[in-house]
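K.L.:
One structure is given below, represented as structure tokens, and several questions about it will come after.
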Amino acid sequence: CTIQCRMAYISLLSLIILSTSFSVEGQGSLKASFYSSTCPRAEAIVKSTVQTNFNKDPTIAAGLLRLHFHDCFVQGCDGSVLIAGASAERNALTNIGLRGFEVIDDAKTQLEALCPGVVSCADILALAARDSVDLSNGPSWSVPLGRRDGRVSSSSEASNLPAPADSVAVQRQKFAAKGLNDKDLVTLVGAHTIGQTDCLFFRYRLYNFTATGNADPTINQAFLAQLRALCPPNGAGTKRVALDKDSQTNFDVSYFKNVKGGNGVLESDQRLWDDTTTSNVVQNYAGTIRGLLGLRFDIEFSKAMIKMSSIGVKTESQGEIRKICSKIN
């Protein structure tokens with residue numbers, strides 16, 4: 001067997017081991033079979049709902065993935081980002097542009113009709129995030145379930161979410177506070193392979209970086225011209241720009257290749273190449289062995305998502321099962 005053959009076998013073996021371990025990961029009493037007797041069609045209904053919306057607009061996948069991420073980083077993965085209200089999380093400055101609420105509401109309405117008061121909004125979010133990645137040609141994984149919904153949602157608590165201008169040191173601190181390491185950080189930020197952002201969040205890099213009147217010198221010059229064309233200095237700032245210039249609806253490793261080549265859109269993304277530890281992870285995912293490194297990212301992303309989706313979960317007698325995701329019972 002050739003070296004390539006042996007490497008492929010090792011990767012396949014890792015995938016098999018990983019797939020058998022998903023059901024026992026997670027926190028507390030979370031388990032993949034949680035709804036097997038109480039609402040056996042729960043996963044199928046969420047998947048069908050996400051699929052219907054994805055068919056109309058593939059960019060909704062990134063929206064749903066981001067919604068789950070932003071939920072987990074505030075109050076834990078408890079659906080608190082879904083609660084409506086003037087002072088609720090979803091109205092925080094860091095949550096500008098969050099989308100996909102209607103997809104979660106649609107799935108919840110169907111599940112309430114079938115299994116009243118059984119499936120939590122937090123679990124719907126976790127499933128929708130997984131299905132979004134899967135539909136975008138990314139990996140799939142077995143989602144540990146059993147989260148309950150939180151009763152608290154405060155915009156002031158969303159101030160600690162990772163932000164576009166964060167240095168690696170700040171990103172590291174924010175992720176570490178949630179029990180996530182440097183590898184998890186780079187891996188989860190890799191979700192930007194299907195992400196979008198507003199010109200508002202990176203335009204300063206193009207025209208007046210650090211108040212110098214010049215562009216961020218780490219931006220590839222050809223890419224700088226493209227970004228300036230998309231985001232003129234006096235534009236509204238609401239134009240949506242792909243975070244992966246090469247394949248914005250395809251979940252792949254081109255995002256890491258972009259960061260390596262100075263084609264990161266957000267400052268926080270590009271800074272990952274400046275730090276020794278994070279750049280090593282970027283390099284590993286962006287390497288040149290075709291196919292196998294993409295598989296490595298797929299495997300690590302699945303593991304990191306299971307780890308993230310277990311942050312601060314509420315189970316058993318904690319929280320509640322909301323009847324409507326945007327309202328506390």
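Every residue gets a Cβ built from N, Cα and C, even glycine.
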K.L.:
Where TrEMBL annotates a disulfide for CYS199, which of CYS121, CYS231 is the other cysteine?
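P.N.:
If we follow TrEMBL, the cysteine bonded to CYS199 turns out to be CYS231.
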K.L.:
Of all the binding-site residues given, ASP244, ASP252, which residue's CB has the most CB neighbours within 10 A?
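P.N.:
Of ASP244, ASP252, the one with the most crowded Cβ is ASP244.
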K.L.:
Using a 10 Å radius around each Cβ and all protein chains in view, which of these disulfide-bonded residues has the most neighbours: CYS77, CYS231?
P.N.:
CYS77
K.L.:
In sequence order, what residues of the same chain, 6+ apart, have a Cβ less than 8 Å from the Cβ of ARG66 (site 'Transition state stabilizer')?
P.N.:
LEU98, GLY100, ALA191, GLY195
K.L.:
Tell me, how many other CB atoms lie within 10 A of the CB of CYS199 (disulfide bond), whichever protein chain they belong to?
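P.N.:
Excluding its own Cβ, CYS199 (disulfide bond) sees 20 Cβ atoms within 10 Å.
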